[in-house]
Amino acid sequence: MAERAALEELVKLQGERVRGLKQQKASAELIEEEVAKLLKLKAQLGPDESKQKFVLKTPKETLMGKYGEDSKLIYDLKDQGGELLSLRYDLTVPFARYLAMNKLTNIKRYHIAKVYRRDNPAMTRGRYREFYQCDFDIAGNFDPMIPDAECLKIMCEILSSLQIGDFLVKVNDRRILDGMFAICGVSDSKFRTICSSVDKLDKVSWEEVKNEMVGEKGLAPEVADRIGDYVQQHGGVSLVEQLLQDPKLSQNKQALEGLGDLKLLFEYLTLFGIDDKISFDLSLARGLDYYTGVIYEAVLLQTPAQAGEEPLGVGSVAAGGRYDGLVGMFDPKGRKVPCVGLSIGVERIFSIVEQRLEALEEKVRTTETQVLVASAQKKLLEERLKLVSELWDAGIKAELLYKKNPKLLNQLQYCEEAGIPLVAIIGEQELKDGVIKLRSVTSREEVDVRREDLVEEIKRRTGQPLCIC
Amino acid sequence: MAERAALEELVKLQGERVRGLKQQKASAELIEEEVAKLLKLKAQLGPDESKQKFVLKTPKGTRDYSPRQMAVREKVFDVIIRCFKRHGAEVIDTPVFELKETLMGKYGEDSKLIYDLKDQGGELLSLRYDLTVPFARYLAMNKLTNIKRYHIAKVYRRDNPAMTRGRYREFYQCDFDIAGNFDPMIPDAECLKIMCEILSSLQIGDFLVKVNDRRILDGMFAICGVSDSKFRTICSSVDKLDKVSWEEVKNEMAVLLQTPAQAGEEPLGVGSVAAGGRYDGLVGMFDPKGRKVPCVGLSIGVERIFSIVEQRLEALEEKVRTTETQVLVASAQKKLLEERLKLVSELWDAGIKAELLYKKNPKLLNQLQYCEEAGIPLVAIIGEQELKDGVIKLRSVTSREEVREVAEDLKSGQNRDFNFYYGTTPFSYKAQEA
């Protein structure tokens, strides 16, 4: 291995030598001599190696480290003689690969796409094997906590706009957890497993969590108690300040860093007007594999559930955090690109919105058609085709029934089922008079409109701008 | 794991030490000694770990979409979807993989191009090859007798990719179909109307739609004396009919008459940008009772259209915006981050698309440069004096004109000025004078 590196270095130097001689227009003999030396060196390297382009180190541990045991949930494609492929498990690893591949140092991007996991599906609870992920990330070296604050602002804006109920965003920091466990006496090797117990505090009582840590995970009871003193706390910026004064925690460098950043974060969140939605929660400890700083999770405070139906349960609808080390794992030079981001749990949100619409008995339209072109008598297909084409050309959303001689009643029924608000009725008499009957489907009110005014009238009624969209 | 990290750190430090010595031109012996130590440390890391490399690339025949390419894609899909909606189409989505048995036997010789998933102990799966078979499966599964739907999604073929010519292994298909028993040729005519509307709106040049009918071809070959067995071969000589899927009664192909090509570049060639036809027998293959649902539809060749639109934008030297940001909130002096955060938050809450630089004390010049590069039309500059006076400097990035606005009116002022200066041009912009 050392020999190889030395050899590669020699090849490089010899190559430069040859180039130099050519530039200086040295004698042909001399150049030929040095070129021969170069070729000999290259031959020693061996043919295969020189074909390796874009080589970078990505130990299987990278993917293992990201997905851990979950890597058994990855869908592989059959080996059909070409490259070995797998379906993406999330959007974060592809993002890191994209940044490293394009040598980007900063970008603010969103990505909404399906990901694939060979999980045990629980479709009633919104757990599928193919499902949407909705990621937003800011990559780059910036002044502390500004992009982090924007991520939280975005999360709040989205959850408010979706109108799925009140929500709370829990915030914590990996370094605070690390420091807290260290001063409580948790060994490095137990870190992850203790985290996963602590994280259950949002669903079960402290007693149960403590029993799991002591009884199942072999943690000393005193250590568990010390942990308990911390993780049951949550609050606003005042809690941050309180912990900054904590005699033990303030001795821990990591925890201090985390607390300092959270203090700054709260300042920014207040300027963004969302501090009332944020809770600093020391029990937030999930999904820590690659987070390196602030972490957050949004939960609905009250899931609207139908009477008699199992509620979707307390569950997160969005989560995220800072992960400064991931891109470095892909970059050949290990160059770090700090990242902070969030992921919206859209599948869960789909279910909630669907439930809500059912509860409100709101009919969901599946088309946007504004007007049906109908005929009152037989043999008017030509007129219908001509008229609907005029409407399409004017940018109006219109349909007609695919029947030569449809009954008016059927055409009206079609409108009611599809929620089409207007129907333009062509009739023999009206044709002679040069008008179309424009009818509102819900109110049944009708008015005769001159053929040449029809487009404008429909646009006026549907609130469309008069120019073509 | 901790040991490894420590070791890697030692290697790093030793490497720096060696570099330092070389720079200082220390004695050759000393350098050699330290280099030997470095190599020993590296050896301890172990050969295997450092050899575990993979190639940083997307799989063969696939590509990432950069922000610029996404902007083109979004615009093209917007035109297409608007048209589908104008004609009252619903939209569906299906999983990216189907049961292998669903796809088997539907694609003839092309079946060897299907991507299979590895047998991992569950159902045998394959990636969808097109959107038509999933559509037929959907109709049969839900016992639907009629629907007008569009579906835009990626499909997968283990083809020989020719990426310069827009042939990928993963690519978008953009299908519109009308299924159901209707009076003859009305839905067929609407499909052709849709194809024409889309190709016109895309403004990619003049086009022609070629139309034929499978029954005419059948009859023609019959009276000319072509045996049934030779039908497909003869067809493919006559035209590339074998590219269009089986059971086509009528074939329609939309061909670009003149592909705009860059000087010196190989033109995309006269090629089809859309195709379709009537296929009455497909759903019957899935239905347990063999119930037929007549279908007619079209498919837009969006990958080719992406390339054409990209080429056109380059030729016109039109800059493609990758964001829709309307205003950058900037500061003229130091220590104004708080005001910037407050103001940008107000703009967001009012629905205005705004950004700020993630720096505590950015230089005004850098902020203006950021606007120029990203195509952001307006910049709202906070300054110490202006704060005292209760105003914000609103400046047009291209014309450099300044407008002083009262701080409280800024939101409504913003909206008014947008309409006055620019309207919203999310896709592309040319430097305009306000």
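A Cβ is built for glycine as well, from the same backbone N, Cα and C atoms used for every other residue.
In the record from TrEMBL, residues B:D130, B:L131, B:T132, B:Q173, B:D177 bind L-histidine; the candidate from B:R157, B:R158, B:R167 listed for the same site is B:R157. Looking up the ranges B:26-53, B:222-249, B:278-305, B:306-333 in TrEMBL, the one annotated as coiled coil turns out to be B:306-333. Under the DSSP three-state reduction, B:T132 (L-histidine binding site) is assigned to helix. Across the domain 'WHEP-TRS' (B:3-59), DSSP assigns 44 helix, 3 strand, 10 coil. Listed binding-site residues: B:D130, B:D177; maximum Cβ neighbour count within 10 Å falls on B:D177.
A C-beta separation below 8 Å, combined with a sequence spacing of at least six in one chain, links B:R157 (L-histidine binding site) to B:D110, B:L113, B:I114, B:Y115, B:Y129, B:R169, B:F171.
Within 10 Å of the C-beta of B:T132 (L-histidine binding site) there are 21 other C-beta atoms, taking all protein chains into account. It is B:Q173, among the binding-site residues B:L131, B:Q173, whose Cβ has the fewest other Cβ atoms within 10 Å in the structure shown.
The DSSP secondary structure for B:R157 (L-histidine binding site) is coil.
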